[in-house]
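So the structure is just underneath, and the comments pick up after that.
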């Protein structure tokens, strides 16, 4: 299995900054926003977007962590580790994840969100969209579109979890 770095730390930081600017441009009422990171790396990505929003707009955007395992149709959950202490009813929720692939994680995340309240709308921000959707899911904010083969895997590394920032592609030999 060969691994190759396709995005370095600087390019990754720029992609996150671009996503943040797009969120600002497309949302007139930033005070209605709630960021919800999908565990695990989506949480770190959402925190970085939250920090950039604070730097750029001076707003402290509410933040939560969503565990999609209890809502998956293909995986068994040990326990729900969701941490969302915010009333999302009437809010503009931005779900944040590292990679969008089949759409199944996002479907599970939406199921989790509607159990918590009735947001005004739900948007999706992803660092990488690699294609191959199995469900009609589309990201509103995309850092990088990286078309892949089904025999390839995108690996997002984030310093908070992996010790460095990069995006790798792993190919089966």
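Placement of Cβ uses the backbone N, Cα and C atoms for every residue, glycine included.
As written in Swiss-Prot, here are the features:
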type: BINDING; residues: 40, 41, 97, 98, 99, 100, 101, 102, 103, 104, 105, 130; note: substrate binding site
type: MOTIF; residues: 93-105; note: motif 'PRPP-binding'
Pairwise C-alpha maximum, in angstrom, for the residues (40, 41, 97, 98, 99, 100, 101, 102, 103, 104, 105, 130) that bind substrate according to the record: 18
DSSP-derived structure type at residue 103 (substrate binding site), helix or strand or else coil: coil
Intrachain C-beta neighbours of residue 99 (substrate binding site), sequence separation six or more, cut-off 8 angstroms: 126, 127, 128, 129, 130, 154, 156
Surrounding CB atoms that lie within 10 Å of the CB of residue 103 (substrate binding site), all protein chains: 17
Fewest other Cβ within 10 angstroms of its own Cβ, chosen from the binding-site residues 40, 105: 40
Site with most surrounding Cβ atoms, counting all protein chains shown within 10 Å, from the binding-site residues 97, 101: 97
Per DSSP, three-state class assigned to residue 97 (substrate binding site): strand
